Amino acid sequence: MHRIFLITVALALLTASPASAITPPPIDPGALPPDVTGPDQPTEQRVLCASPTTLPGSGFHDPPWSNTYLGVADAHKFATGAGVTVAVIDTGVDASPRVPAEPGGDFVDQAGNGLSDCDAHGTLTASIIAGRPAPTDGFVGVAPDARLLSLRQTSEAFEPVGSQANPNDPNATPAAGSIRSLARAVVHAANLGVGVINISEAACYKVSRPIDETSLGASIDYAVNVKGVVVVVAAGNTGGDCVQNPAPDPSTPGDPRGWNNVQTVVTPAWYAPLVLSVGGIGQTGMPSSFSMHGPWVDVAAPAENIVALGDTGEPVNALQGREGPVPIAGTSFAAAYVSGLAALLRQRFPDLTPAQIIHRITATARHPGGGVDDLVGAGVIDAVAALTWDIPPGPASAPYNVRRLPPPVVEPGPDRRPITAVALVAVGLTLALGLGALARRALSRR
């Protein structure tokens, strides 16, 4: 009871912020984008598809460390995700008997259906969420009986037709995937009747140079408050536009989460508590050095030395880097573990609202010493505790400012490019490959 009280008190700070500090933008439901699949503009494939691999000497007979750390096997005594549908908004999924994803739509290729992963990313996240077991190895997803829908929303392999690559700045090269298309993908997934949406992507921009993301905010509000979907998002990885945020200033006790110190906004992560924002940890339980900090981080989960299922349905633990295979890592995969847990909870507690599912995950997390911080939020998730603890359900809806807003005014001038362009990254891909040049440029809604 003492632990629950500490978490409940600390969670009040997750959404509290000084009036003078930066806060997530108010949501305008009137900015909801249409439910239309397809890319923002015609695209073409420019790069060969990537495939995951394995590190030398790897063995997969035992469960991955992350499953053991989170108690996944014990959690399956209470729920397996049966009857729950999870939408994976990512780079697509290569379906296999062990990752039996179904087509949910394609926002990269007009002729696609979501069941193609040229980036070796969406398949990995989907397998962590709901990969099926096999007698040949110890891998199993968090919610192995959940239904998977794949929505391909971004890809490094595709670019707008006629776009020109910049050999001196690959980050400036247009690629498929934008905040506009992400917003449409969220609406489409919600309308397909899913119970959980996983978004292992992040866009970062400076506080001093905000972007127009009204369509994304409206789509998240629609998914959560209208369609009743739990939306889980990655906190993001450092690199490129994602410059690490400083720690809260201890001399300002009125700002315990450090809203006044935020320098880099991460979206859609900063829409917490409407979404569940997930940071990363390593095998020691310490926060991952690459995991973006912020007052919006809600919980954490494993993000290093990840084992998943590849395009053939076999275990993998590496991606090809410049100098050979490198371990799979990133907050993408931390988010996938939490989405799997959300699916278990939706099966076990079908009457709980999205806000109450999120409350159960955060209230039962292994909280840090101070109860909550900007690295791991309320702490590392505890699957069995979330499924079994007797705790109050919490408020039916998350406190969030939803109101109709006037159209945003974009000031012309020398800073116009930073205002209208951000990097939308599948958070895990860039880090794992060790190639900063893989960060994609994506236009926000003007």
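Using the three backbone atoms N, Cα and C, a Cβ is placed for every residue, glycine included.
Residues or ranges marked as active site, charge relay system in Swiss-Prot (evidence: sequence analysis): Asp90, His121, Ser332. Residues annotated as region 'Disordered' in Swiss-Prot: 24-43. Residues or ranges marked as signal peptide by Swiss-Prot: 1-21. Per Swiss-Prot, transmembrane segment is recorded for 419-439, and the stated evidence type is sequence analysis.
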Taking just the CA atoms, what is the gap between Ser332 (active site, charge relay system) and Asp90 (active site, charge relay system) in Å?
10
Does DSSP put Ser332 (active site, charge relay system) in a helix, in a strand, or in coil?
helix
Report, as a single number, how many Cβ atoms besides its own are within 10 Å of the Cβ of His121 (active site, charge relay system).
33
List the residues of the same chain that sit at least 6 positions away from Asp90 (active site, charge relay system) in sequence and have their Cβ under 8 Å from its Cβ, in sequence order, or write 'none'.
Asp117, His121, Gly122, Thr125, Ala126, Ser150, Leu151, Arg152, Gln153, Thr154, Asn198, Ile199, Ser200, Glu201, Ser332, Ala426
Using DSSP, break the region 'Disordered' (24-43) down into helix, strand and coil residues and give each count.
3 helix, 2 strand, 15 coil
